[in-house]
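Trainee: After the structure tokens below, expect a handful of questions from me.
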Amino acid sequence: MESGGRPSLCQFILLGTTSVVTAALYSVYRQKARVSQELKGAKKVHLGEDLKSILSEAPGKCVPYAVIEGAVRSVKETLNSQFVENCKGVIQRLTLQEHKMVWNRTTHLWNDCSKIIHQRTNTVPFDLVPHEDGVDVAVRVLKPLDSVDLGLETVYEKFHPSIQSFTDVIGHYISGERPKGIQETEEMLKVGATLTGVGELVLDNNSVRLQPPKQGMQYYLSSQDFDSLLQRQESSVRLWKVLALVFGFATCATLFFILRKQYLQRQERLRLKQMQEEFQEHEAQLLSRAKPEDRESLKSACVVCLSSFKSCVFLECGHVCSCTECYRALPEPKKCPICRQAITRVIPLYNS
């Protein structure tokens, strides 16, 4: 706390930082809680022969936010894995990721770093069909890459380490980057895999479509069942809630500390002001009662004992209010009787 009771710059920065972090965490928590509530409110629809009749009776022949589960089936052609035999799917994602170590000039340590240098995703049209045989119904899945939880399975993964010569090693130390290698990954959504879709379910021209929902709700195509998906969202909500509460408590504690310091500083100023007024009032009463020839000596009297002459100048406040004996009798740490500031130096006052 600075002089005058004003908070210091560090306290302002701490309060501002915790407030901004708390607001950001609370915003994320609200967004996660909204997504969780929307998932809880999604209507579970059974993928069966009565699906079209259910949708035809729904307003606008659609369910705005529905949950449906089925097996993946390609419409026409399928995608073959480039590395695994007899592995067919409807979505294929190939990724090349570079791994390297970068020298940190601040910590003087080598830090692991990775970045995707190439990624390609191939898709073909596919449906969700019932697991049971003999049920003639299918749901066409539209825009699968727009989903926030695309349930791809890693079918191939290989790390290709970098081959380095002695001159390469020296060059890497000079440049501050040491390549470790390239990681090659293939992910696929296999034919026959179980998929849980959460989105807008629409009946259009006797065909059923699952597409991204409107009104800002999230689109899911997950390999997990709906209960596991909901549980994961609720766990995320609890985590962000705890983080928001922790930083909120830190913000409140910082604010309480600053306000308490200001309150104590204000109370101290009021007490010193009251003490000074009492000194002045007491001195005025003595002057009014004294004889004219004694008034000059009273004006120069020590405010503590009122018997000796003032003989000390207190620094840094500059008050002249005490005799030498009363100054010596002040308790440690010595403070000015008028303003209660710490006495750093005393200059003797010589009365003529």
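Using N, Cα and C of the backbone, Cβ positions are placed for all residues, glycine too.
Worth saying up front: this structure is predicted, and the values here are computed from it rather than measured.
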Trainee: Going by Swiss-Prot, point out which residue in Lys88, Lys299, Lys334 is annotated as ubiquitin cross-link.
Mentor: Lys299
Trainee: Which residue, chosen from Lys180, Lys214, Lys273, is annotated ubiquitin cross-link in Swiss-Prot?
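Mentor: Of the listed residues, Swiss-Prot records ubiquitin cross-link for Lys273.
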Trainee: Have a look at Lys44, Lys52, Lys100 and find the one that Swiss-Prot tags as ubiquitin cross-link.
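Mentor: My reading of Swiss-Prot gives Lys52.
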Trainee: DSSP three-state call for Lys52 (ubiquitin cross-link): helix, strand or coil?
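Mentor: Going by the DSSP assignment, Lys52 (ubiquitin cross-link) falls within a helical segment, counted as helix.
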Trainee: Rank the recorded sites Lys52, Lys273 by how many other Cβ atoms lie within 10 Å of each Cβ and give me the one with the fewest.
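Mentor: Among the recorded sites Lys52, Lys273, the lowest count of other Cβ atoms within 10 Å belongs to Lys273.
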Trainee: How many Å separate the Cα atoms of Lys273 (ubiquitin cross-link) and Lys52 (ubiquitin cross-link)?
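Mentor: Cα to Cα, Lys273 (ubiquitin cross-link) and Lys52 (ubiquitin cross-link) are separated by 84 Å.
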